[in-house]
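**Q** TrEMBL feature annotations, pasted as is:
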{"type": "DOMAIN", "residues": "54-126", "note": "domain 'PA'"}
{"type": "TRANSMEM", "residues": "151-170", "note": "transmembrane segment"}
{"type": "TRANSMEM", "residues": "198-222", "note": "transmembrane segment"}
{"type": "TRANSMEM", "residues": "228-250", "note": "transmembrane segment"}
{"type": "TRANSMEM", "residues": "271-288", "note": "transmembrane segment"}
{"type": "TRANSMEM", "residues": "294-311", "note": "transmembrane segment"}
{"type": "TRANSMEM", "residues": "323-343", "note": "transmembrane segment"}
{"type": "TRANSMEM", "residues": "384-404", "note": "transmembrane segment"}
{"type": "TRANSMEM", "residues": "416-439", "note": "transmembrane segment"}
{"type": "TRANSMEM", "residues": "445-462", "note": "transmembrane segment"}
């Protein structure tokens, strides 16, 4: 059984002719389609969707001669229809389906004499063909190979680098504000407690990685229940993150600062409307999350806000904690992508299965940046496939970039650590995409991002003769007490 995706290229009779492509499903074991339209032979389309072609008596004699015929699905098999169409002189058989396109399967050994090209097409596409191209339509079939590179990767790259760079910069701004506040004795204790609550220690890092491992295994075995828990958590966390990001921007605007008093506390009216907007955005995504044509935009906006807030809020106290976190998560990524296929029944990695939805589950985890593939191909017409990048591939290196930015602020080193680490992240992303194109299989991005960022940061600290301070962190981060 094969379910190969191809393209029906249709041309109208106008001058110049209007053309349009439509998705088809064919069986490559029955017919071999050309890879390009070079020297393509067009055939006039005969619309016979009023019949299912289970009998030659359903069609007037001569109506199919040298035509590409489109009929409806019925009780008879694909090859029975094809034999009838071939005996009546047809050059191509298209079978229109009002349901989802599925694999074309049949016992070909009983129909060795059938050589007619057969393909499934959506009934709605047949209707659209008549509306757009008119009643006189010429068609041909082809199946172009998947492109080696897709421009959606460029969009993913820009989103990832922008998020990491902005998250690191925002963390540096917050660090500068904290250092200024520490100089004020009245706020010293309050600021210290606040920072302690959001700082990752080496023990916390190990505990965090263990939780990640346990959660991934639970998702693999109990996906159909836990996926809705993750969706709910994402809605709540992304709404709060979007609010924090936009509130930081609104706080810089000196207009519209009218307030109302609630429980003896003044609240800005514009922040109330902002909270309503952020909640509404999360709810709209939750309701329409399976609308692939546009819901991915909202998911990416919420995802970027979530990553930014995470990078800014969770702070690494020193380079030692960064090495432990990134090193353990690198092992975690490699193990669950490359090693777990040796233990699973179907030979698929746990990471890939969970990311795609185990056992064909229609619900997907909202923990990735999604961008639809932009290059013209059969899959883009049939399924709207996406290029994906996990939040972890942004957040984990982003925590190191944020630490570099805060270290720059603490040592007044003109952003050399921050800029070099951000560039290293960008290089790691490019390397990930190159390996992805060469290997033609999903890659654990941390395998390339972690070495690039850690090695670059280490080299900068070593060349500046600040490795000891960079490794242990500043006195403010790890040893200061009022």
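Glycine is no exception: its Cβ is also placed from the backbone N, Cα and C atoms.
Automatic prediction, not curation, is the source of TrEMBL annotations.
Because the structure is a prediction, the values reported are computed rather than measured.
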**Q** Report, as numbers and ranges, which residues of the same chain sit near the transmembrane segment (271-288): CB under 8 Å and 6 or more residues beyond its ends.
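**A** Sequence-remote neighbours of the transmembrane segment (271-288) are 231, 235-236, 238-240, 242-243, 246-247, 250, 260, 294-295, 298-299, 301-302, 366.
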**Q** Per the 3+ Cβ pairs under 8 Å rule, pairs at least 6 apart in sequence, do the transmembrane segment (294-311) and the transmembrane segment (228-250) touch?
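**A** Contact criterion met.
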**Q** Give the one range among 151-170, 323-343, 384-404, 445-462 whose Cβ atoms make the most pairs under 8 Å with those of the transmembrane segment (198-222).
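**A** The stretch with the most close Cβ contacts to the transmembrane segment (198-222) is 323-343.
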**Q** State the non-local partners of the transmembrane segment (384-404) in its own chain: residues 6+ outside its ends, Cβ under 8 Å from one of its Cβ atoms.
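**A** Those are 150, 152-153, 155-156, 159-160, 163-165, 167-168, 171-172, 200, 292-293, 296, 303, 306-307, 310-312, 314-316, 318-319, 322, 325-326, 329, 333, 355, 367-373, 417-418, 420-422, 425, 428, 445-446, 449-450, 453-454, 457, in sequence order.
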**Q** Work out, from DSSP, the number of helix, strand and coil residues along the domain 'PA' (54-126).
**A** 21 helix, 17 strand, 35 coil
